[in-house]
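Engineer: Quick paste from Swiss-Prot:
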- Cys403: active site, phosphocysteine intermediate (ACT_SITE)
- 130-141: compositional bias 'Low complexity' (COMPBIAS)
- 152-461: domain 'Tyrosine-protein phosphatase' (DOMAIN)
- 127-194: region 'Disordered' (REGION)
Amino acid sequence: MNLSLSDLHRQVSRLVQQESGDCTGKLRGNVAANKETTFQGLTIASGARESEKVFAQTVLSHVANVVLTQEDTAKLLQSTVKHNLNNYDLRSVGNGNSVLVSLRSDQMTLQDAKVLLEAALRQESGARGHVSSHSHSALHAPGTPVREGLRSHLDPRTPPLPPRERPHTSGHHGAGEARATAPSTVSPYGPEARAELSSRLTTLRNTLAPATNDPRYLQACGGEKLNRFRDIQCCRQTAVRADLNANYIQVGNTRTIACQYPLQSQLESHFRMLAENRTPVLAVLASSSEIANQRFGMPDYFRQSGTYGSITVESKMTQQVGLGDGIMADMYTLTIREAGQKTISVPVVHVGNWPDQTAVSSEVTKALASLVDQTAETKRNMYESKGSSAVGDDSKLRPVIHCRAGVGRTAQLIGAMCMNDSRNSQLSVEDMVSQMRVQRNGIMVQKDEQLDVLIKLAEGQGRPLLNS
């Protein structure tokens, strides 16, 4: 039985009210909730049910060419944050609106389906009287061109999008133009593309802005201070420890831990995190002048030996490396000892003259990313040669990176490391920054200058700025 748009919406809305909207939908005649699990972004190959795929396909068949408002996309982004998975590729059509280009899995939550179906109903209602009777299969909002049918990997018969390694150069600002017009010659790295990227990332940042006692973010407990800055918080789902502002970050295939500069009260936990992670490199991007400023409360923990609770730390400087433009990296080795635990040695890369809320050049960023990657690889090889159980554990052997807040310089470096990894060749700048923001907080890549460096690195690789 093929459900009409109104029937599908009615059944989905009832289930959202009766069940959890986080359940995925399934369809065999009528819509039902898969109560056994919440959304995991599965495909048929990775464990999604055929009935889940049919549900997703059916919803998709009703939302082709549907224009999503900023409010619609904000609701989808809330789902992305909640599940730590982005299920949707959206394309801007101007004026803050978007269309759904593709679905990244064979599943869809009931709540997301409700958002999409309500957008379709709204557009259908608004289109009455504006389209002829023979065009009901391609309804579109007034003043908006009829766009190509929704491409979904669920339907192999539909034409594919252009390859990700060749950035899409048209269609982002085509509202009001006929489909037969010549292809746009707008540069994929020009002002229009940059403005669109900035707009999308700003929308995401606003969606992720923390409210008071926001359940999406880790909250301090036991009277201890958790965050250096009230607005720079730690995503609860990816938190490394309950007492640290530190997150597991995975951008494509690049896995790291991003954190704030530890508070004095957090040092024992911070060292324990470094040891348990078998940290292959600690990259400290906070400047020496910041550390020396007593008002900032930034303990000089990695350049000095000391005792922190039950943990004893020995620090030894090993070398200094020039990165270009006068930017220097001081190298240290931290030896962490705790009774009853293995002694752990952690290489440290400290960039002591990168000022807060600024960007170093793309050349310096590349050199720093390469130094951090090489240092980490050497240490990983050591653990592998010793048969360490940390090898193969995705939660361990991650570079730990922080500046002061852990969002600006930290994110610039993580983005560059991601682009250094050939396995991430299909990721756009939008992908990378969005994944960092969803997994830590909305301020990752804090300053425009830092985003500009990532854009320049992407342009040098022919990497797209925007999702297709």
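Just so it is clear, glycine is given a Cβ too, placed from its N, Cα and C backbone atoms.
Values in this document were obtained by computation on a predicted structure and should not be read as measured data.
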Engineer: For Cys403 (active site, phosphocysteine intermediate), name the DSSP secondary structure in the helix/strand/coil scheme.
Structural biologist: coil
Engineer: With an 8 Å cut-off on Cβ-Cβ distance and a minimum sequence separation of at least 6, pull the same-chain contacts of Cys403 (active site, phosphocysteine intermediate), or say none.
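Structural biologist: Long-range Cβ contacts: Tyr261, Val284, Leu285, Ala286, Trp354, Asp356, Arg409, Thr410.
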Engineer: Please compute the mean pLDDT of the model over the domain 'Tyrosine-protein phosphatase' (152-461).
Structural biologist: 90
